[in-house]
Amino acid sequence: MTAPVFFPERVSAVRPTLLMAVYNDLATDGRVQRAARALAGDFDVRVAYPAASGAAYRAEGYEAAAIPVRGAGPVRLARFSAAVLALARRTRPAVVYAHDYYLSAVGALAARLAGAALVYDAHELIVPEPDIPVDRRDRFFYRMEKRSIHRAGLVIVANRARGEVMRSHYGLADEPLVVRNIPEAPHPVSAIHRSDAGGVRLVYQGYMDEGRGIGVFIDALALLPPEFRLEFIGGGPGLAALRARAERMGVGGRMEFAGPIPRDALDARVRACHIGLIAYVAPDRNNRLCAPNKLYEYAQAGVPVVALGSPYLAGMVREGGVGTALATEDVSPERVAAAIRELAGSLPGYAGRLQTFVAAHPWSAEAEPLRRAVAALVTAS
């Protein structure tokens, strides 16, 4: 397969080239955007991602190219992978930065073809657990990660707990670098003003899949007074089922399904709401040790949270004083509705806590270690 015509074959006289690849829509992937911007000061950063419907993402400070790939499922991934390998061979970057498990093996091969250093950013924790079944798809990607992770000069994870699991399981010589899912704060929390004229607006933003336990938010809405409204932001395979559930529960008129929203427009949408909702109720370790960008995004928007499930997340919410949390075994429509109602009655008291939380978790604390670690790979070579 021939690589699409972009990323001119040029070598910066000042900065080495870094080829970053992600099998996702760049417009909605804040983790990739942040990493590219953070590294653009030291590298000529070029991000390859599969073309999605709509306009291509307009990157600032780095190059981004939407690779047109036909097909679906494994065929689409294979074609995108071939394009990434062709790009690596043609542009010869100093560093290949592979995002997420889809590209763990592809990134390793691309780095070998280019004679480049390899960075692997593990967005998820896919190490299997003895008591939880693994389907063929997940087993395939786990095997790819297991075979390729030792080729990475730098492994990145979203929190320390995940890093400890991966280091122990894979026998990594070095501790993975922790880069938390903290967005750049677009404004001071104290500058946020919202109207209460439309009642209490609840928001859930994320992947739309009933398997994530988010349907309970719809059931809880049916138990709340009419002034409570709920907005779901995001796409996914469960969208139609969630819409049907809302109609079945009689709250379709009090809900809005906004679909996926680009990262640069998400903050303004969330700022118009009063309470943010988070759910990680699945029993697997990836959910128990979740690393949600939602918590930081809600806090930066001045929105306290109701969080369900993950004890790791619950600890962060309680320690930061930014909302309330329910353990998985305590989750029911009645208890979720009660938690929302209680939080809605004490919203003014969260302003100061949210400001403190945001100040204690700046993106700069993640960006600087990332810059130093990736730059060290080039220095070492």
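Heads up, the Cβ atoms here are built off N, Cα and C, so glycines get one too.
Taken from TrEMBL as is:
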DOMAIN    32-179  domain 'Glycosyltransferase subfamily 4-like N-terminal'
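Looking at the domain 'Glycosyltransferase subfamily 4-like N-terminal' (32-179) alone, the prediction's average pLDDT is 96. For the domain 'Glycosyltransferase subfamily 4-like N-terminal' (32-179), DSSP puts the residue distribution at 68 helix, 28 strand, 52 coil.
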